[in-house]
Amino acid sequence: SQASFEEDGPKQPAVGHWKTLMPSKGSKEEPETGCQDAGGVDESQSTEQLNVSRLRSSSVEIREKGSEFLKEELHKAQKELKLKDKECERLSKVREQLEQELEELTASLFEEAHKMVREANTKQAASEKQLREARGKIDMLQAEVTALKTLVITSTPSSPNRDLHPQLQSPSKAVFRKGHGRNKSTSSAMVSATSQNVTPEPVSHECKEVDSILFAEFQAWKESPTLDKSCSFLDRIYREDVGPCLDFTKQELSELVRVAVEQNTLTIEPVASQTLPVVKVSAEECSGPKKCALSGLPRTCKHRIMLGDSGNYYYISPSCRARITAVCNFFTYIRYIQQGLVRQDVELMYWEVMRLRREMSLAKLGFYPSEM
């Protein structure tokens, strides 16, 4: 047929075939119509087959591409899963390390806390002990101040206290002590340098004149009383009285005695009334009842001293005791002034200081009462 030829072969005009352009009247077109229908059916079937084959090839290509895409996605997912597994493992190790460090830190903190509690308890016990000791010392000092306040503030050159200065009493009523008990330097008796058998001239008959330089230094010190020896008032007394009075042959022990007197930790007690056992120390250090530890000379020692709470006792001669007592009396009086216990005129206090300086001068020259 003409339709099959056109479909199978190249579309070229057939030779010797004429196609009627305009049908004539009365002619029948039925056969031509039937041919055209048969050719159309075949053409549509081939088109459908071609479309089906194309669809089949396209579905195969889609399947192949989809499979490749899914494989790539699966491979990526596996890689990501491996990376996540590694990250989880690393984080697990970090967590374990942090937990271990946290446990160690907690243990160290608890240990440090227990250590601090133990130290605090130890310090609290030591503080309570020091508080009890301090209260005991305060009670003792208050008792000493109460006992000595009346004696000190009522003793002036114009009206001396006769209980404090027994040499001013009449010879028939004069009672000298044959030594004194164990006293700190704050409560040492202010003993006069006058002998028992010599009747001293009354203080009121002495001629006195105030030295302007010394009085000015004392006034400056009185405005702000201190025990610092760098001030001009105490510096002069240290150079002229205290230093020479406490300058003994045994220089090392002399320095210890001076420090104990300044710190108010020196104890003097009579040998005859000792109640405490003597600490075992070398005989050369403490000497003995027949040898003075400060001068090194063979003397009968009626008293001994102890420096602070060391427990070491040193036997001293009467002359050395008089020198130490004179210096202790001076420091006692200026401490009372510093604490505000002496309520007198400035000039009266000045003359009392001069009297104490005179006592130190006499003691360092070797004069001392016979009852020493």
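The backbone N, Cα and C atoms fix where each Cβ goes, and this holds for glycine too.
Please treat TrEMBL annotations as automatic predictions, because they have not gone through curation.
The region 'Disordered' annotation in TrEMBL covers 1-57 (among others).
Annotated compositional bias 'Polar residues' per TrEMBL: 43-57 (among others), in sequence order.
Positions annotated as domain 'GDP/GTP exchange factor Sec2 N-terminal' by TrEMBL: 56-149. Each residue in the domain 'GDP/GTP exchange factor Sec2 N-terminal' (56-149) has a pLDDT score, and their mean in this model is 88.
Per TrEMBL, the feature coiled coil maps to 67-151.
What TrEMBL lists as region 'Disordered' is 156-203 (among others).
According to TrEMBL, the feature compositional bias 'Polar residues' maps to 156-172 (among others).
Among the features that TrEMBL reports, compositional bias 'Polar residues' is placed at 184-199 (among others).
With DSSP states grouped into helix (H, G, I), strand (E, B) and coil, the compositional bias 'Polar residues' (43-57) comes out at 15 helix, 0 strand, 0 coil.
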